Structures are given as C-alpha cells and as structure tokens.
Amino acid sequence: MLQHFCFMNSMKRENHTLVSEFIFRGFSSFREHQLTLFVIFLALYILTLAGNVIILTIISLDRHLHTPMYFFLSMLSASETVYTLVIIPKMLCDLTGARQPISLAGCATQMFFFVTLAINNCFLLTAMGYDRYVAICNPLRYTIIMNKRVIGLIVAMTQVSAVFRLPFCATKVAHFFCDIRPVMKLSCIDTTVNDILTLVISVLVILIPMGLVFISYILIISAILKIASAEGRKKAFATCASHLTVVIVHYGCASIAYLKPKSENTRDEDQLISVTYTVITPLLNPVVYTLRNKEVKDALCRAIGRTLS
C-alpha cells in the first residue's frame, strides 16, 4: 500500500515537477562539527542498544520481574530499540559524508514505522502510569494494549498515506529523517488539510494519553500522602520517579514538536528537539530504569553473580 501511494505521487502531474527521491539536509548547518556529532551519536546509539538489550534479557530471565510493570517496560525497550533502528543508522551514514538519497517508498516506510512506534510508546507509557496506580494485575489490560497497537497502525497508515498523496516540487528535506512536517513542506500545494489532520492525531496520541498519565499520578500522590510512615512514602515516591522522568521528557518533546505552530521554531531548534526524542529519550529509558530502580539493579546483580559463579 505504501508503494502504491509513493508510485501515485511520483507520477508527473500537471505543472508539477517529477520527484522520485529525497535528500536529507540533516546537520548541514553544523558542517564543521559533523565528525564530532557522528562520534557522539554513535556512542549514544551503542549505549541505547546495549541498555535496552540488557533490560529485555534481565526481565525475561529473572522471575522476580515477571509482573505487569516490567512486562510493559520490556515492551517499551523493544519498541525503543526498533524505533532507533528506523532512524539513527541512516543519520549516522549521512554524518560520515556518504549522503545517499532516499526513495519515496523508503521515506514513506521510515515515516510509517516512526509514527507507529511513537504512538506505541505513548500508549505504553500511559499503561505503565495506570499500572503504578493499579497494583493488582488485570488480564483485560493486556487486551487493551493490543487494541492500542492496532489503533497505532491505523493512525500511522492514515497519516503517511495523507502525506504521500501530496505532489512534491522539492527534494531536499530540512531534517535528518522523514518526519511529517519537513516532508509536507516540500509539497507544491497548500497543506492546510494535512496540518489539521496532523494536529488532530497529535492531540489524540499525545494530549489524551498525557492527561491520563497525569490523572493517574494525581491519584497516586493522593494515595501516597495517606501513607502513615515517612519510609513508606519515600519508597512509594521512588517507585514512581523513574516512570515520571521518562514521561515528562517523552511527552514534553512530543508536545513541542507536534503541537506548536509550525513556523514558531527555526530549523536548528526543530532538529534539536528531534534529537532529544529520537536519540536521548530512547537512552533515557534504560538509564533511568537501571540506575534508579532497585528491583532492576538487584536483578542485574543476581544475573552477574550467576554468570561469575
């Protein structure tokens, strides 16, 4: 289906130039620092992959972590791993100077997986916030999460097909991957309808889940304040701190990127925001959940102990 939309778009239309591929301008304004950026992003990418693989391995091997909370965490780690694979290798390749164009089909595929996984992460963070409040495992919750995955696929297909139905008159994407707004800017026609669609989808997958998370935390804080002992309150707050840190960064960056007026930031500012949610946030997940989470640290120590014994 993606190839069909790209084929239709790539056909020559009246008064429009034939466009069959795009070129990422990426970090062209930081040309003298591209080698430095390559080393930094490569190091962060390796740490992200290693951290998420460690989390997935520990959760699968340690029976103490076979709970709904860590089930969602393992799904988030898997999703973040694929999310980075979709974007960062191409970005690193371009930073080395081996800048290769990307076909319309390749761009549409990248955008589809990016949008699908981003929506999936939003719903997973919402489910993890709800799980903080509901301590007892409810089997129906897993069905809800699976339904949200289907919703994510449908929303992504709607968004991508709407973008790639547009006729394109330019080939240089002012970004380092096929994000929605930078690609729409290359269109020959007015994109107001697409902008409205993007805003509606952003509200549905960012604001509503974010609101549900914050409602969960209002209820959590209310419950924590009723705990008699100071030690009990401290332990309860510590349990929530890791998830809340990831939620604030994830939803904060997503809100700035997709809910702000499209002309408010410069290209460099937009790219900085994008680097945060494509490079920093996926790394934040394993770092926060291993360094700030006692159960994961204890499981890691047990795994290391078994390996050395």
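Each residue, glycine too, has its Cβ placed from N, Cα and C.
Because TrEMBL annotations are produced automatically, they should be read as predictions rather than curated entries.
Feature annotations, courtesy of TrEMBL:
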{"type": "TRANSMEM", "residues": "35-58", "note": "transmembrane segment"}
{"type": "DOMAIN", "residues": "51-289", "note": "domain 'G-protein coupled receptors family 1 profile'"}
{"type": "TRANSMEM", "residues": "70-88", "note": "transmembrane segment"}
{"type": "TRANSMEM", "residues": "108-130", "note": "transmembrane segment"}
{"type": "TRANSMEM", "residues": "150-176", "note": "transmembrane segment"}
{"type": "TRANSMEM", "residues": "196-225", "note": "transmembrane segment"}
{"type": "TRANSMEM", "residues": "237-259", "note": "transmembrane segment"}
{"type": "TRANSMEM", "residues": "271-291", "note": "transmembrane segment"}
Next on the checklist: Under 8 angstroms, Cβ to Cβ: which one of 196-225, 237-259, 271-291 has the largest number of such pairs with the transmembrane segment (70-88)?
Outcome noted: 271-291
Checklist entry - Quick one: do the transmembrane segment (271-291) and the transmembrane segment (196-225) reach 3+ CB pairs under 8 Å, ignoring pairs fewer than 6 apart in sequence? => result no
Next on the checklist: If we skip the immediate neighbours and take only residues 6+ beyond the ends of the transmembrane segment (237-259), which ones have a Cβ under 8 Å from one of its Cβ atoms?
Outcome noted: 118, 121-122, 125, 128-129, 132, 180, 198-199, 202-203, 206-207, 209-210, 213, 217, 220, 224, 270, 273-274, 276-277, 280-281, 284-285, 288-289, 292-294
